[in-house]
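Feature annotation from Swiss-Prot assigns coiled coil to 355-404, 563-644, 854-875, 920-1005; the stated evidence is sequence analysis. Sequence annotations record features per position, and here Swiss-Prot assigns N-linked glycosylation site to N100, N109, N130. Marked as region 'Disordered' by Swiss-Prot: 38-59. The signal peptide feature in Swiss-Prot is assigned to 1-29; the stated evidence is sequence analysis. Taken from Swiss-Prot, the feature topological domain 'Extracellular' applies to 30-210, supported by sequence analysis. For 232-1220, the entry in Swiss-Prot reads topological domain 'Cytoplasmic'. Summarising the annotation, Swiss-Prot assigns transmembrane segment to 211-231 and lists sequence analysis as the type of evidence.
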Amino acid sequence: MGATGPTGAGGRATWVLAGNILAAALVLGSGPRALPPSFPALGPGSPSRPGPAGPWASSQYSDISREARGPFENGVIFQKCSLVSGQSESQTMHVQLSVNNTRTPTSVNLSNLLVLDEITGLAVKESPGNNTQDGIQTFRKSFLQVGECYSVSYTASLDPTALGTGESLDLPARLIFQSPSQNRTQLKAPFTITVEEKIMVLPNHGLHAAGFIAAFLISLLLTVAALFFLARGRCLQGGMLSRCRIQHPENKLEPSPFTSANGVSQDLSLNDQVVAILTSEEPGSMLQALEELEIATLNQADADLEACRNQISKDIIALLMKNLVSGGHLSPQTERKMAAAFKKQFLLLENEIQEEYERKMLALTAECDLEMRKKTENQYQREMVAMEEAEEVLKRVSERSAAECSSLLRTLHGLEQEDMQRSLTLDQAEDFAQAHRQLAVFQRNELHSIVYTQIQSAVSKGELRPEVAKMMLQDYSKTQESVEELMDFFQATKRYHLSKRFGHREYLVQRLQAMETRVQGLLNTAATQLTSLIHKHERAGYLDEDQMETLLERAQTETFSIKQKLDNDLKQEKKRLHQRLITRRRRELLQKHKEQQKEQVSLGEASSTAEDAVQYLHQWRSVMAEHTAALEELQERLDQAALDDLRVLTVSLSEKATEELRRLQSTAMTQELLKRSAPWLFLQQILEEHSRESAARTTQLEAEERERGQELVQGVRQRLQQDALEAYTEEQAELRHWEHLVFMKLCCAAISLSEEDLLRVRQEAQGCFSQLDRSLALPRVRARVLQQQAQMAWREAEFRKLDQALAAPELQSKARKLRSKGRGKADLLKKNLEDKIRLFEERAPVELADQVRGELLQERVQRLEAQEAHFAESLVALQFQKVARAAETLSVYTALLSIQDLLLGELSESETLTKSACVQILESHRPELQELQELERKLEDQLVQQEEAEQQRVLESWQRWAADGPGLSEPEEMDPERQVSAILRQALNKGQKLLEQHQQRVREEWQNGAVLEDSLESIEADTMASLCSQGLRLVSYLSRMTMVPGSTLLRLLSVVLPAASQPQLLALLDAVSEKHSDHTAENESSGEQAQAEQSKRRKHQVWWKVLDSRFRADLVSQGLERMLWARQKKERILKKIYVPVQERVMFPGKGSWPHLSLEPIGELAPIPITGADAMDILNTGEKIFVFRSPREPEISLRVPPRRKKNFLNAKKANRALGLD
């Protein structure tokens, strides 16, 4: 919104008119005096910001509007808008003032409206208002109803002498009105005019051409030089890469994720923050910043571990294919083709993960911002309500009491805002950590899915033999177990070293704070002694009051100057030290990263020469453990060196300042006192006493610092014990062993599985095993979130108690009532605010930590149970689908047999066919006996072949065992007594291997049995499908002969198939009709045959009517019986008394869940469980008695022998049950 106009003789200028709105006045209070608005006159319209486009340039400040939606919500919108028009030399400004009494639920009518518009510096042309001598024009309106708008407008031009170039002119407008509650309210609409200069430039085309040519030549030379150096660097790099390819032509693996520059730069950036925290000028926020840095470091460590897992999995796949090629099971061409397919799929997966990560981060950021705005809005509303209530209470108290209460209220609001900000930060960190975990789990599952899908695709294309694919998948599954164990070790190592790193950093920060406390104590002691010296001379009568005030003023001035100089020197020296520390730290860390990258590159090269995956994983384990320990040792040394340098700097400068204060006391102040006739002996006695006090104070502060340091060391040791490496590794091994037993037990429950089902089950189990680990960041963040929520809930409960006591003082205790008897409401409010502030400073009860620990344990157990339940549900669904299909086929076949019997009976009774004709029809349409006999023979052959193959495998195993022997070497030259112990030791060492072989053999037996059962079921299903098809043809033929109507046949099907749905019945009826049409097409009838069929139809019509009525009666009776049965069952269920479902926390015990550790929350409180114990769950008062069996769970991995079944007997029994 602007226009150009004359501002003088030398140039042109632009008028920028910013019209702001102070929207929505609130009627504050109901007292007789008018309260001026406390809102700042701010808005988006500023002198350097153009107004919005449109006919009227107006704006509304969002924060002001928010304040307008206060507790009364009777807002009035007051606007001053402008529009500039005309040519550059003669611009006119059209100004409009509007008062809008918006229609809200609590709006009121306004009266005695007075608008004061400042027009200083404007030449008003047309205005209905009254001008005053002070440059203000007034507008009056006696009454304004709700929903009406009052506006006035006028035109004006700017006085050329009023403003110069770049200057601003404020012309606000004010509105004063009266509400029905006799409150006078004043609103202000800021309005700013800014003059911007426009300089006319006369172009010189010759100069422009010369400048263009010179710039073009310089840029051309620079481009040529840059391309030359770039090409030279590429040539050198290409030569090095070609030499590396010549030395290692078969190394086609991708580089390790730890060699990427992104990970190194992230690590360097996070380490720079440590130096920033140590050199911070706000010691109180160091621990909070260190906590945020720990969460960021844990997230980065999770990302590094996930990248390491992906790289190892890719290398394992390449290694397995190379072993197959070397063993002759896979051709090199197929291996290259599969490697290219794997690489393409992995690249697509990485792109998908990256896109999903960006999408999730954008969504989470937007959601967190929205949540922050909502909570900030609610917090602001609560603060406004509290301020209104406090103003109402503090109306009739002294200014001192009101100022104290206002200060306490502001302090309380500041603490609440900090607590809310911390809660929002933790919630956002939890959302991000949860998103990272979900993406990591998704990537792991997709990686396994790619492997299984590519191998199945290779088998279907004929590129891979089924037995080779089976071998490869078995090796992959077995290797993935080793990979999971390796990643557990990596995670435990990272957890331990990061816990040690941040425990040491927390120790350094607190030591730094203790050192600063000691230094400040010495400074304060020296400053106190200086003033004490003057006061002692005044009390002794050697100084009068004027002299004392003069000396005190000088002493305070000198002390302030010394402290100010110390602060400035510390600030400057810390900046220099910060830069030096970062430079040295980056140099050493970068050097260490380069050394480790070289070793990791050599490890990647060694993967191509590794004999098997176990050797490759062992190399990863040793190298990563060594690198992690070396890097942590370097970072700990750098942190300690940074603290030492900072400590030396702070102590030297502080001692210098303390020495200056003491010198001021012993020289300058002593001379001033001696000039004023102070006795030397008295002065010397005071100086000696101060010297002894200084020495004692120094000794006391140093002892306190040493004691604090010992406490911090104990805290670091306790933290390291909680995150012990061996404990976490053992816990994960125990958990994986338990889940392996559970999954094997669930798998053995499956009776029949095909090869595709086995692959799907194996992939599902692999995905479940890959989720048994715990990320580094998410558990720690979740523990802090729960702790923060528990603290906020506890504090809110305490606040409610305090507010209830403030609202009803008579409910307080007698002693408290006597103490507060002489106090007024202001004293009670002050005490209430002090108690609330004290709650923020106090620690939460210990019971909250126990409650948080119980919730964390319950959440982890629920996640594990959910994985088991999901795996079990997939197996049950698979088996249920097979059983449902078989049961449906059998029921349909039984129903067809029943309908055949019914139709043949009607044909025989109506003498349409003789018995011999019926027998002939059955013999021609029912070859089921031969089908069933053939099926029985096939099943027996399959079983015999399976038993022979199993016996052959057992025989070969025993032959290998007899040929190889037990594998125990006899010790050479050893005592006979010690030979037995040595052989026994060897046998015990080989026991684990034998057990694994036995478990593998059991798994193979179960898989072979499941596959055999599935093949037998497939043969049975095919036979039953053939029988159903033949039965449908016979039913169609008989229904054509009996002339049965379609509706009657449908009701007949509903009777013999009561569990079938209407679509299934209609599909079956359509199948019968298709068979019927086939017969009709085969046997075309002539006219005489049509007349015969018509007579037959009339003959059977009576019988079908009787049968139809009987079916109707049967259906009605069956429906009534079902309704009665359902009503009785409902009544029985409602009469039962159920125990209410309680939330239980499953604690670890022998013979149950393995031991599960938790993230540390304060001091640990162990929960012992032995035998039958009564426990209080989460302090709810509910007692639960837990009984534990001392025996381990009996989980048999042996599949029971399959019982042979006689299909004919089973079919007859099922048919008899169906007819019954």
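Heads up, the Cβ atoms here are built off N, Cα and C, so glycines get one too.
Features per Swiss-Prot, on structure.
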{"residue": "N100", "record": "N-linked glycosylation site", "DSSP class": "strand"}
{"residue": "N109", "record": "N-linked glycosylation site", "DSSP class": "coil"}
{"residue": "N130", "record": "N-linked glycosylation site", "DSSP class": "strand"}
Cβ neighbour count (within 10 Å, all chains shown) around N100 (N-linked glycosylation site): 18
For N130 (N-linked glycosylation site), nearby residues of its own chain (Cβ under 8 Å, 6 or more apart in sequence): Q137, T138, F139
Rounded Cα separation (Å) that holds between N109 (N-linked glycosylation site) and N100 (N-linked glycosylation site): 11
Cβ neighbour count within 10 Å of N109 (N-linked glycosylation site): 13
Across the coiled coil (920-1005), average pLDDT on the 0 to 100 scale: 67
